[in-house]
Amino acid sequence: MGPHPAVAAIRLAVRRTLTDLAAEAGTTFTAPVREPRQRPAEAPLVAAAVGTTLIGNAARHPSGLPRTPAAPGSPLVLVAVSGGADSMALAVAAAFEAPKIGLRVGAVTVDHGLQPGSADRAAQVAERLRSLGLDPVEAVPVLVGRAGGPEAAARDARYAALDEAAERHGAIAVLLGHTRDDQAETVLLGLARGSGSRSLAGMPAQKGRYRRPLLELDRAATRQACSAQAIPVWDDPHNCDPAYTRSRVRHEVLPVLEKHLGGGVVEALARTARLFRDDADALDQWASLAERDLRTGEGTLDAVKLAELPPAVRRRVLRRAALRAGCPAGDLFARHLETVDLLVTGWRGQGPLHLPGGVEATRRCGTLVFRRQGD
Ligand SMILES: Nc1ncnc2c1ncn2[C@@H]1O[C@H](COP(=O)(O)OP(=O)(O)OP(=O)(O)O)[C@@H](O)[C@H]1O
């Protein structure tokens, strides 16, 4: 009997990502290993209820632990693990697949320190991961600030810790457990913010060192996979806390949409993300070519030629120029670009515009000038 279909689907998705990574790293493939027989323990879900502490017997799972870990010094991939079903299913699949491909796999679990007992829980998750064959495994405590609200502050601290761990261990990539459901939520959140196509494109499967192998799979699959392999999971109470926007989207908004618009909303939103990604990529490429043509010097653009561009391309050129002059990407919003755009399309001699990061945009003699004050 082969593995549970959800386990097989997750392994396949992870294998694809790891194979790409191994090819990029120039790793030599080892001979393919046959799927091991499923063990009888692939039945009960040990702990999946909200707030459940980790229990379970590591010796009983998962099915088919890697036989021989990849040689020391082989390229290392880290998995970012919260302890939830998505990232646990991902970590187990990576531990199963990586040695066959000549990669080592480790994990980092970040302790945000936002709940009582979080350090103990992070230590338990780390221990669990070690018992699953991942190495190295670290539980990293972080200090979460306040900038941008609680979700953004936790995310910033988490990614800083993941980046630092990846650098320190020389990892070739960090895997994240986002699923198609997370993607649908991201698209809805972007839509509600009134964002452009780049935001509606959701999360990319690959960005820098980060990869999201499960982006085409349902959250239900990761739960089923953990259940089938008797992997204890921990549900972050924040995921169900209505104080968090994403939680409300997950538990209230999406179910209502599914109910009233018919099934398949999550899939449709994920498809929307893919289509918008292609559109946004094409527009970015166009803007990059147009910018080369319009640049008249360091931080200066030909305003007359800018006016001839379609708005979607023009705004992208303006954004690029503002970023190049030193605007922080996270602080530059559509409303800033709309006012800069008026220097091109609604010119009536208005004065310099002050953009985030101390950048100033002015129009002089048919030229837009972006400069950081004091430069
Ligand atoms: N505390 C953490 N430590 C390490 N990685 C994390 C942590 N929290 C989230 N991640 C990574 O980011 C991904 C998305 O996290 P998020 O909280 O948005 O989703 P989730 O549905 O709660 O995922 P999961 O079921 O894995 O907890 C996780 O799958 C994991 O890869």
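The backbone N, Cα and C atoms fix where each Cβ goes, glycine too.
In the three-state DSSP classification, G83 (ATP binding site) falls within coil. The ATP binding site annotation in TrEMBL covers S82, G83, G84, A85, D86, S87.
Summarising the annotation, TrEMBL assigns domain 'tRNA(Ile)-lysidine/2-thiocytidine synthase N-terminal' to 77-252.
What TrEMBL lists as domain 'tRNA(Ile)-lysidine synthase substrate-binding' is 301-366.
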Q: Quick one: average pLDDT across the domain 'tRNA(Ile)-lysidine synthase substrate-binding' (301-366), no decimals.
A: 94
Q) Near the ATP site, what residues other than S82, G83, G84, A85, D86, S87 in the same chain have a C-beta no further than 8 Å from the centroid of the listed C-beta atoms? A) V81, M88, A89, G177, T222, V233, W234, D236
